[in-house]
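In what follows, a single structure is set out as structure tokens and then discussed.
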Amino acid sequence: MANFTNPIVSLADMEAVTMPQTDGMARDYWQGGANELITLKENSSAFDYYKIRARCMRNVENVDMTPRKPLFGKKYSIPVGVAPSAFHQMAHSDGEVGTARACKSQNWAMGLSSYSNRSYQEVKDAGEDSAVFFQLYVFKKRNITEDLVRRVEKAGYKALALTVDTPYLGRRYSEIRNKFCLPSYLGYGNFPEKEAPDFEAAVGGMTGSTNNEIDPSICWEETIPWLRSITNMEIWVKGVVTEEDTELAIQAGVDGIWVSNHGGRQLDSGLATIDALPEVVKAAGGRVPVHVDGGIRRGGDVFKALALGADFVWLGRPVLWGLKYDGQAGVEKMMGIVTEDFKSTMALAGCHSVDEINPKTLVRIGPSISKL
Ligand SMILES: Cc1cc2nc3c(=O)[nH]c(=O)nc-3n(C[C@H](O)[C@H](O)[C@H](O)COP(=O)(O)O)c2cc1C
Ligand SMILES: CC(C)CC(=O)C(=O)O
């Protein structure tokens with residue numbers, strides 16, 4: 001564990017103490033985003049436009065944080081999970097296995113990145129019922145993708161989270177400037193040696209080319225039916241932010257929608273996800289579950305996303321801060337902070353259960369959103 005003197009009481013504290021002790025290349029990779037970081041910053045700041053309408057005198061001695069609906073038949077502790085992010089061994093030698101152990105011990109759900117350092121099998125063994133989503137990038141070499149999908153299904157993952165906001169990597173200036181590359185002692189856990197994706201070459205965005213390039217031609221008509229033809233896992237799409245794509249996704253037969261802008265790492269100047277969420281929830285109309293990630297750092301942020309209709313929310317960067325802080329124990333500490341903060345928000349807002357967190361518990365102030 002790094003040497004920290006002050007108690008860590010918020011995720012902001014955890015970020016503040018871990019980042020200065022993180023090697024520059026890793027720090028830029030985790031903290032960075034696309035272009036001028038407008039969407040990255042607004043993902044968090046947009047939460048402040050939503051204010052909670054607290055009810056009082058409601059006997060909140062007991063507060064139940066269990067999610068509204070089970071996820072893949074399981075009741076997790078809280079409707080908050082670990083979003084898939086690449087290369088956890090840059091934060092701690094246990095990598096994604098440490099993350100998975102924390103998820104299992106705290107009964108949280110976890111998504112694993114295609115680009116994990118530890119393998120999908122090691123993570124499944126460590127996380128068991130917590131390791132549910134396998135985040136999928138479809139590669140130009142479809143045989144590599146197909147083989148991977150079949151292997152993760154056999155390992156027991158419940159769903160693919162097909163990332164649909166990354167036909168090319170966003171232009172992340174810090175990664176381009178410092179020529180981001182995976183340290184040579186780390187590997188790509190999910191691919192046999194000869195098929196390892198060449199991520200470094202993709203860092204230039206559209207100008208890059210990779211060994212296993214992400215396929216920019218994926219589309220509703222072709223890709224969802226193709227995935228259906230090769231797997232019985234559920235197929236979710238991660239990166240939908242509009243009502244139009246919500247409808248197309250449902251028409252294509254997806255099992256769930258994950259509202260995301262990749263933590264502001266892809267298209268800059270896209271809407272903050274908390275602002276995109278209501279239109280997706282409305283368009284989905286209860287036909288499929290809707291999850292969201294992006295900028296969630298406080299119990300109040302979780303509350304607001306649930307009030308706007310999300311069934312579940314996911315955390316990206318805070319997991320890396322936790323891993324950096326103290327491996328599995330650091331991730332558990334991060335989870336403890338979020339849990340405590342969410343419980344406190346529910347109680348102070350007068351909600352006994354997640355079911356009571358609905359749009360009436362919120363108002364939005366500040367600049368309004370209108371379509372042109
Ligand atoms: C360092 C890093 C790596 C990521 N890698 C992936 C990835 O491999 N696949 C993916 O779909 N999303 C990836 N994401 C995006 C996350 O899944 C998630 O959408 C985002 O981090 C949520 O925003 P937050 O970090 O503000 O919580 C990554 C995010 C970060 C910060
Ligand atoms: C290896 C990358 C493609 C992982 C990713 O999605 C990201 O860095 O945002």
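Going from the start of the chain as shown, residues are counted 1 onward.
Glycine is no exception: its Cβ is also placed from the backbone N, Cα and C atoms.
Among Gln21, Gln31, Gln135, Gln266, the residue that TrEMBL places alongside Pro84, Ser85, Ala86, Ser113, Thr163, Lys238, Asp293, Gly294, Gly295, Ile296, Arg297, Gly316, Arg317 at the FMN binding site is Gln135.
Among the binding-site residues listed (Tyr29, Pro84, Gln135, Gly316), none has a CB atom closer than 6 Å to any atom of ligand 2. Residues Pro84, Ala86, Gly294, taken from the binding-site residues Pro84, Ala86, Tyr137, Arg172, Gly294, are distinguished by a CB atom under 6 angstroms from ligand 1. The Cβ of Arg265 (glyoxylate binding site) lies under 8 Å from the Cβ of Gly32, Gly33, Ala34, Leu40, Gly170, Arg172, each on the same chain and at least six residues away in sequence. Taking each Cβ in turn and tallying the other Cβ atoms within 10 Å, the top scorer among the binding-site residues Tyr29, Tyr137 is Tyr29. Between the binding-site residues Pro84, Gly294, Gly316, Gly294 has the most other Cβ atoms inside 10 Å of its own Cβ, all protein chains included. Here the binding residues for glyoxylate are Tyr29, Tyr137, Arg172, Ser260, His262, Arg265. Their largest Cα to Cα distance works out to 19 Å.
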